[in-house]
Amino acid sequence: MTAETPPVAIIMGSQSDWETMKNAADTLDALDIEYEARIISAHRTPDRLYDFANGAKDEGFKVIIAGAGGAAHLPGMTAAMTPLPVFGVPVQSKTMSGQDSLYSIVQMPAGIPVGTLAIGKAGAINAALLAAAVLALGDEDLADRLDAWRARQSAAVAEYPMDSAQ
Ligand code: RP5
């Protein structure tokens with residue numbers, strides 16, 4: 001990572017969210033996009049959230065990926081305090097399989113958008129791909145890398161199903 005602020009911030013409510021959010025980080029790595037990952041809890045570290053969200057744009061971030069589970073207020077509260085695009089990842093909670101996280105993130109009032117992804121790993125990967133797509137609008141090299149990533153994905157899909165190995 002360079003000393004310069006990376007374009008993407010990956011924030012999450014708890015260390016326990018990292019297993020899910022690492023999928024976003026790995027996807028950004030695959031696309032050669034710099035990021036910074038931070039633990040910021042809307043409930044346990046509200047001052048940290050306030051400072052991060054209010055300063056994120058001036059700090060130099062371009063896109064924020066925010067993952068949280070349960071009463072998942074982190075993406076929405078972040079979006080309330082920054083004009084940057086915020087993509088929310090509902091982390092799969094143990095008690096409600098992430099439905100609580102999803103509903104907490106997706107039902108934003110009109111005026112403060114959070115781009116809400118699927119629950120869990122797929123959501124984390126897609127949040128990174130959406131962040132890449134946003135950044136690619138102003139970066140032709142990244143647009144080429146994203147095209148290549150998608151082409152590799154297509155090429156990796158077998159045309160015919162196989163029996164799994166015994
Ligand atoms: C949320 O509470 C976090 O985003 C996490 O998904 C959930 C549980 O946190 P821990 O109790 O595992 O720290 O704020």
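Including glycine, each Cβ sits where the backbone N, Cα and C put it.
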**Study point:** Additional site residue, R44, R48 [criterion: listed by TrEMBL with S14, D17 for substrate]
**Key:** R44
Check your understanding: Quick one: what's DSSP say for S14 (substrate binding site), helix, strand or coil?
Key -> coil
Practice item. Determine which residues of this chain, when S14, D17, R44 are set aside, have a Cβ within 8 Å of the centroid of the substrate site's Cβ atoms, and list them as they appear in the sequence. Key: M12, G13, Q15, S16, I39, S41, A68, G69
Study note, to complete from the structure: By a 10 Å Cβ neighbour count, the lowest-scoring of the binding-site residues S14, D17, R44 is R44
